[in-house]
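Novice: One structure coming up, written as structure tokens, with questions to follow.
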Number of protein chains: 4
Amino acid sequence: MSDTSSAAAKSLPPAHPFDDDKLKEECGVFGVIGLAEAANFVALGLHALQHRGQEAGGIVCHDPEHGFNSARRFGYVRDNFTKTSVMETLPGPLAIGHVRYSTAGSKGAVIRDVQPFFGEFSMGGAAIAHNGNITNADALRKELIERGSIFQSSSDSECIIHLMARSLQRNIPERMEDALRRVEGAFSVVAMTRTKLMGVRDPHGVRPLVLGRLGDGWVLSSESCALDIIGAELVREIEPGEMVVISDGKVESSFPFRPRPSKFCIFEHVYFSRPDSIIGGKSVYETRRQIGVELARENPVDADMVCPVPDSGTPAAIGYSQESGIPYAMGIIRNQYMGRTFIEPTEQIRDMGVRLKLNVNRALIKGKRVILVDDSVVRGTTTRKIKDMFLDAGAAEVHFRIASPPTAWPCFYGVDTPEREKLLAATMSEDEMCEHLKVDSLKFISLDGLYRAVGEATGRKKDCPQYCDACFSGEYPVTPSDQVEKGFELKAAE
Amino acid sequence: MSDTSSAAAKSLPPAHPFDDDKLKEECGVFGVIGLAEAANFVALGLHALQHRGQEAGGIVCHDPEHGFNSARRFGYVRDNFTKTSVMETLPGPLAIGHVRYSTAGSKGAVIRDVQPFFGEFSMGGAAIAHNGNITNADALRKELIERGSIFQSSSDSECIIHLMARSLQRNIPERMEDALRRVEGAFSVVAMTRTKLMGVRDPHGVRPLVLGRLGDGWVLSSESCALDIIGAELVREIEPGEMVVISDGKVESSFPFRPRPSKFCIFEHVYFSRPDSIIGGKSVYETRRQIGVELARENPVDADMVCPVPDSGTPAAIGYSQESGIPYAMGIIRNQYMGRTFIEPTEQIRDMGVRLKLNVNRALIKGKRVILVDDSVVRGTTTRKIKDMFLDAGAAEVHFRIASPPTAWPCFYGVDTPEREKLLAATMSEDEMCEHLKVDSLKFISLDGLYRAVGEATGRKKDCPQYCDACFSGEYPVTPSDQVEKGFELKAAE
Amino acid sequence: MSDTSSAAAKSLPPAHPFDDDKLKEECGVFGVIGLAEAANFVALGLHALQHRGQEAGGIVCHDPEHGFNSARRFGYVRDNFTKTSVMETLPGPLAIGHVRYSTAGSKGAVIRDVQPFFGEFSMGGAAIAHNGNITNADALRKELIERGSIFQSSSDSECIIHLMARSLQRNIPERMEDALRRVEGAFSVVAMTRTKLMGVRDPHGVRPLVLGRLGDGWVLSSESCALDIIGAELVREIEPGEMVVISDGKVESSFPFRPRPSKFCIFEHVYFSRPDSIIGGKSVYETRRQIGVELARENPVDADMVCPVPDSGTPAAIGYSQESGIPYAMGIIRNQYMGRTFIEPTEQIRDMGVRLKLNVNRALIKGKRVILVDDSVVRGTTTRKIKDMFLDAGAAEVHFRIASPPTAWPCFYGVDTPEREKLLAATMSEDEMCEHLKVDSLKFISLDGLYRAVGEATGRKKDCPQYCDACFSGEYPVTPSDQVEKGFELKAAE
Amino acid sequence: MSDTSSAAAKSLPPAHPFDDDKLKEECGVFGVIGLAEAANFVALGLHALQHRGQEAGGIVCHDPEHGFNSARRFGYVRDNFTKTSVMETLPGPLAIGHVRYSTAGSKGAVIRDVQPFFGEFSMGGAAIAHNGNITNADALRKELIERGSIFQSSSDSECIIHLMARSLQRNIPERMEDALRRVEGAFSVVAMTRTKLMGVRDPHGVRPLVLGRLGDGWVLSSESCALDIIGAELVREIEPGEMVVISDGKVESSFPFRPRPSKFCIFEHVYFSRPDSIIGGKSVYETRRQIGVELARENPVDADMVCPVPDSGTPAAIGYSQESGIPYAMGIIRNQYMGRTFIEPTEQIRDMGVRLKLNVNRALIKGKRVILVDDSVVRGTTTRKIKDMFLDAGAAEVHFRIASPPTAWPCFYGVDTPEREKLLAATMSEDEMCEHLKVDSLKFISLDGLYRAVGEATGRKKDCPQYCDACFSGEYPVTPSDQVEKGFELKAAE
């Protein structure tokens, strides 16, 4: 059921200048235990994770005196979770939070869909926040409804709390294990009871989750950059298939699932994670710079300058420049006041499109041969517009270098991708794309090159690659069963 | 769990000038089937029922093309459910709605508590709107949680939809019967499926519910005044214990509960219902005028004028004037711009209290003996303030005549009453109240007089009175079991 | 120039149920000196004067430490001038305020048009609030612009502050005298400097202004009801042509204008003033009741009940009932939640028209002969709708009795009236109106009857009536020169 | 007088991450004639000029049918001037607009202070938008008030419209000349009548103003980047002391002032203008890169990487890296969701300070020697915080290189600078600052180096420098007479 209670939220599109032509991470999660006014720390953590979900955010907290409290809002963390009037309604030393782009199920924006989800069980309440996507959610929902559960949201994540409500186990951590064993797909979950903070990653470890420490408190976060903002120290990554239960200052670890090969999402390296986060001990920025280096080795071209497509192409452009020796330059200037897109624009303004967000540095690029480095090509609409802007401004040549392989397959593990037929690379080869986009050259990094950049010296393993790269390869580590049921065709076995 | 998502709602107190010193009806319900754009009619009906609940309102509707849609908002119907932008999201020929004051369970205002409640079952969705109160809700909620149901609100009414979700019956009307048989207390329910509009009254018929007709469509409403606003004709009242299921233009009636004696709330006559509504074939206004006539017979006094305490005392004051021959006069003028009380007033303004709302007609009442007719005395705080205003303005004598018996017991059937110890009549006799309030005289109508005014020529039956008059008599037709569990002491048997 | 800065304000129509068919008073003024936090008292006073202007309100105050401060807002006083956050920006013991319906010049609602107006002169600042209308404002504005004044509003009242700015006098009270001597029309002005509160009425005294006292402080107010709300005592009315200057606890009075015969607006008695105000020592309510008595004497009719058209017809209906012996009854119930009209209603809702606001008490009036008492007939649109509602509900006969003579001429002294050709009485006789409206009878009180009711035992003086009754008689005490310039035709001399 | 009408505006601080420690340009102006729906183009132009003023914006337009219309709002252009509901109130082929940070005179944010200012003269209306600052505004205001002008704002710019209102000239362009001849200081003005668009620069040409062309229309803009957004072609810069009057498709140029040496603000090159704007035929980005080159030549240091302080330090950091051969790297990552600072933050969040906006790329800089390039040092508070962040993250050495000379004097020509004693460079030498800030080294570019970078091969002329560099040199081309009157001490002659 669509609910207009929060219709205003529809006017809050996310902030990235090319959002309509990017893959979008769907969620970020954060939790804190053992720090006074934990919700304040969660608000800061969510602010640092805002790039993982700009549509809405929520916080649930607990205090022995006031019990559970929560707040869920559409819009940015900085606008919602910073006012004293809101934050003083969220007391206590234990809190979790969630930012989201949009859930798999929902079209309209409804406050009921905003996590964390909360359930009151006979042994007390629990709240969960989920990053990822449950690939058998439709089947689970059908089964739960038949047994008399009432869903309040259209989110796939709500299945988890209903499975927990119906579990026969006696305590909440065991109920959560029970529930997650029925769930297929990708999940990094942060959850809480009145006294415990819990974190779980799915057996493949598709989505990230890290453990941090601040004074006597413990922190769980999607990325390490959110530890930095509160001054917490990065302890380690939660392992694929690991569950941690934190209370009384202690962290208990267990591995409740059948072991699976690790399949961390390689696109977290390319685009989703923030460049100042650390994955596998290495700066994401440095990995992206290295992608630019590999890209320059694989696809050199003679030119006058290397320009990033801001902001995500910047590290790879720096790497490309350093490897190629071609000077790095800011050929495109981003309007820093485009934090959101225009609300209800007039038609004339809407037609301005990308010019509202970016401007070519005309005096700089006139008559020059330019290499533009971008992180990915999804629909290709933005690539074409940028090329047009450069030609209008008098560039002599425009060469695109893309810091990821062609995106030819949708992601079903918590990323918002267009339907397969709308992905440019699903229907065209690299050369066809180059011709279609009418650029002087267009080259993507190879899958092997990408694996080298992320640190796999021998490249991608054929049989069982070290990462989930389904969006490039079509090889899905977990069968997306709901999608297959709806008619999605998996890649034919070779 | 308290949720601050709708914290703004706290600044929307209801509109009546003495809200802090009145009993408050908690809900109004309205439903329409068989009329194009049914939600528009529901909005109008709810506007006419706004006196039954000013805090929030909601509408659910269904359309074969768009499925179920809903909107729930804090504030007045006129502010929320009239804009094209909202109403065009509520298409279809079938809709139900609800206005509420506040539910039994909740302290803070939370949008999740705003009805109608909706549940998706395996055979399709259903929505319900409930006027009344479930006296065994705590026990039911505990039982349902133990079985794995997750409650989304603090409302007692949510039990009904969970009981329906777990019923073994095969269709929704039978599931609703099933659910309501587990429920104790007072309820007038309007509900809907994709194709059916349903209405039920509890076996005692404590809360009102009427059936109306407009063209080919059918209407259910708490009161007949809401039929007038849409031009519908009053067909009849739904009987105590009756359930009607309306589809394809036909009304099917059944009586699924064990029969009980009728116990319609007598306070609906005194204060809750609108004076232009018709109950039992008679204008509520006329009944109230008749209460004034009885009051004048029982408690005459020599004076210069009869003045109503606006607005609810007006009909009884007219009756008192006509019976006594003492001229009727507007001794108090209400400020018509007090639709809401002041939001966040400065302390100086708060101290002005009743003067913000009412002013004494000084030149009129100076040196005069005044009879003031009010509908009830709850805490007595307002009575005292009005007396002070009249004495300040130079009235020679101030006599109060109250159009209901002393309110000595709380209501547990859908009315917001203070705790028993805060009811003035729970601790004082009529004479003690007169002395406490320092008025020249204070007289209430007798219970027998009230019964005569509502048309019972022989007065109140001793053993089994014809109405629920528990707030006056302490005789509760349904044992309030949750309350007794919490320690409420019933009246000792005589 | 129209300015959309305050476009939202357009959705704030005034509160009276028949606003589209009533004459509307345009302003109320209030001022306080010598009381701590004077702005709080002004807010309360303006709340009590809200019936004189619902569109917007403003307050200017002065404090030796903080200088002049002001706030101007669209909407009700209760919503704007009660929050601590606003009121604490308005410190000091001296403040004036203004509520307005709309000014003569403006169509759209612009915050610049909201009074009080403020001007900084070389000897210090002054603020003025004006009730009335300047009939030579167009000519004055043209002259001032030619001399280099820049107008910031479209209000006629702004002329006064510019005339003051250009006066050659050395102090502000003398500059105000200077300015007002150039002004024609009707004005009751409340003004202030850093240390003085000033009040002036035009030589005819068309608009009211009273002086009150509270402790050591002094108060000026359009009506006495606004003294009551702050507990101030009514000292006296400011005389026509009088100017008072209050400082250091003393009131100095002077009469700076050439004397003119008193022409107090008789419609203040009929409709504009609040019934609990006192004019000429007499309760306005009592005068209106007396109008009902005269009306019953002049225009008797046999019927079953006398019903007021709420709320303004109530006192006259009571008088009519008492004089005629026909019982008074509430045949129409007003929806108390129509504080404002619906904002952006759907078409279906708009068509409901008067039913949103009023409902006929069907069970009461069915088969009965009803006398309806209303205060005036302007366009006649409401009269017709009410008649239709009564016939639909089954009334046997519908007789209208109107508590004012036929309104046949527009007011140019601070009242919003339709153009002359839209006034029903401008083009039809009483009998023609009766036929046009299809009612069983329609009778207006005579001008002489009205004069008797307001206390002139000998009725209206032919040559020089005691009141301004131009809206009934077409005899304008001050020639409306701007209007005549634009083509308005005065009544031909007889 | 302070007016709380727009108190909400106080919660809209500008967007730059170090706003509290930057000089701030105060205004941007834009005008269009000869294009249908000119206001839409003005909205886009103002959006591109938003970096010149984030607090508020306004547009005035004219249409033969609808006359003058305007809208003024607090907040970003993208939020206010893009909705159809606003823009359709701004019809016509002629419009001007203004964005502002804050005016010289005002403390609180008041909508009356938002430009363009409008005045109705006897020959018709005119509107003006002003970038700069009038250094004799206090004296002018005093004189105008004595003559009877009433000021509606606290803005120095309002003097211009009052001077125009009182001019004896017969047409508006001549009145504007007349007015501007009385004005001292820096001004780039865009103005309009019903039929003409006008642009003027003060005789020194301190603030920029360019002329553009789009189809049959003409455009005036503070910077060329705002021509790009609407697709207009840069025609030329308006000359210092030049006035252009554009109507009927023709541009008439005149030079109404006594000639003065050109003194373009050199800080426009360093920081104020957008890097994609063109000044003097050269990309501002390229000039800033060249500043980095000069800085590397003047102040080399051995290190592992060169990092910009985002975003304004980026071009100079690129230049420094290229000249020095030390690799360029993103050592600081900016949180892209800090478009505004937190509104009403809790104290805990406020204390987080710069961490909300920036994060150090820890894994990258650990153990490294880092050169940080920033555009300027004002108070020095940010420099210190960034140094702390780098040391916390384990940097081995932190060297600051500043792309402007020490800022030791306030600007009185339209830039918001702290009082002189708060400027770090007003009280300390370069070495003292280095010690005070506890960095490994701190070096500023020399004034001669800056002049070389902007293209003056021979450096700065001693006697009469080619630019206004008063903020570095204390040599003010126009004596700030109001300030001197208030006690500001000019630099002693050497």
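A Cβ is built for glycine as well, from the same backbone N, Cα and C atoms used for every other residue.
According to TrEMBL:
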- B:C27: active site, nucleophile (ACT_SITE)
- B:27-249: domain 'Glutamine amidotransferase type-2' (DOMAIN)
- B:C265, B:C411, B:C468, B:C471: [4Fe-4S] cluster binding site (BINDING)
- B:S312, B:D374, B:D375: Mg(2+) binding site (BINDING)
Novice: Out of B:C27, B:C265, B:C411, B:C468, B:C471, which of the recorded positions has the smallest number of neighbouring Cβ atoms within 10 Å?
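Specialist: Fewest other Cβ atoms within 10 Å, among the recorded positions B:C27, B:C265, B:C411, B:C468, B:C471, is found for B:C411.
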Novice: Which residues, same chain and not among B:C265, B:C411, B:C468, B:C471, have a CB within 8 angstroms of the centroid of the CB atoms at the recorded [4Fe-4S] cluster site?
Specialist: B:V206, B:I266, B:F267, B:Y413, B:V415, B:D469, B:A470
Novice: Among the recorded positions B:C27, B:D375, B:C411, B:C468, which ones place their CB within a distance below 8 Å of a chain C CB?
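Specialist: It is none; no candidate comes close enough.
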Novice: For B:D375 (Mg(2+) binding site), identify the closest of the binding-site residues B:C411, B:C468, B:C471, judging by Cα separation.
Specialist: B:C471
Novice: For B:C265 ([4Fe-4S] cluster binding site), identify the closest of the recorded positions B:C27, B:S312, B:D374, judging by Cα separation.
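Specialist: Of all the candidates listed, B:C27 is nearest in space.
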Novice: Can you figure out which of B:C27, B:S312, B:D374 (the recorded positions) comes closest in space to B:C411 ([4Fe-4S] cluster binding site), comparing Cα atoms?
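Specialist: That would be B:C27, nearest by Cα distance.
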Novice: Given the recorded positions B:C27, B:C468, B:C471, state which is nearest to B:D374 (Mg(2+) binding site) when distance is taken between Cα atoms.
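Specialist: Among B:C27, B:C468, B:C471, B:C471.
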Novice: Just counting, how many other CB atoms are there within 10 A of the CB of B:S312 (Mg(2+) binding site)?
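Specialist: The answer is 23 other Cβ atoms.
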Novice: Measure from the Cβ of B:D374 (Mg(2+) binding site) and count the other Cβ atoms within 10 Å, all protein chains considered.
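Specialist: B:D374 (Mg(2+) binding site): 22 neighbouring Cβ atoms within 10 Å.
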Novice: From the Cα of B:C468 ([4Fe-4S] cluster binding site) across to the Cα of the residue listed as 'active site, nucleophile', what is the distance in angstrom?
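Specialist: Cα of the residue listed as 'active site, nucleophile' to Cα of B:C468 ([4Fe-4S] cluster binding site) measures 18 Å after rounding.
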Novice: Quick check: with B:S312, B:D374, B:D375 left out, which same-chain residues have Cβ atoms within 8 Å of the centroid of the Mg(2+) site Cβ atoms?
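Specialist: Result: B:Y271, B:P308, B:V309, B:G313, B:A316, B:V373, B:S376, B:I402, B:A403.
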Novice: Between the Cα atoms of B:C468 ([4Fe-4S] cluster binding site) and B:S312 (Mg(2+) binding site), what distance do you get, rounded to the nearest Å?
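Specialist: About 21 Å separates the two Cα atoms.
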Novice: Between the Cα atoms of B:C471 ([4Fe-4S] cluster binding site) and B:S312 (Mg(2+) binding site), find the distance and write it as a whole number of Å.
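Specialist: Distance (Cα to Cα, whole Å): 19 Å.
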Novice: Sort B:D375 (Mg(2+) binding site) into helix, strand or coil using the DSSP assignment.
Specialist: coil
Novice: For the domain 'Glutamine amidotransferase type-2' (B:27-249), would you mind checking the mean pLDDT of the predicted model?
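Specialist: Here the mean pLDDT over the domain 'Glutamine amidotransferase type-2' (B:27-249) amounts to 93.
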Novice: According to DSSP, does B:C471 ([4Fe-4S] cluster binding site) sit in a helix, a strand, or coil?
Specialist: helix
Novice: When a 10 Å sphere is centred on the Cβ of B:D375 (Mg(2+) binding site), how many other Cβ atoms does it contain?
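Specialist: Result for B:D375 (Mg(2+) binding site): 24 neighbouring Cβ atoms inside 10 Å.
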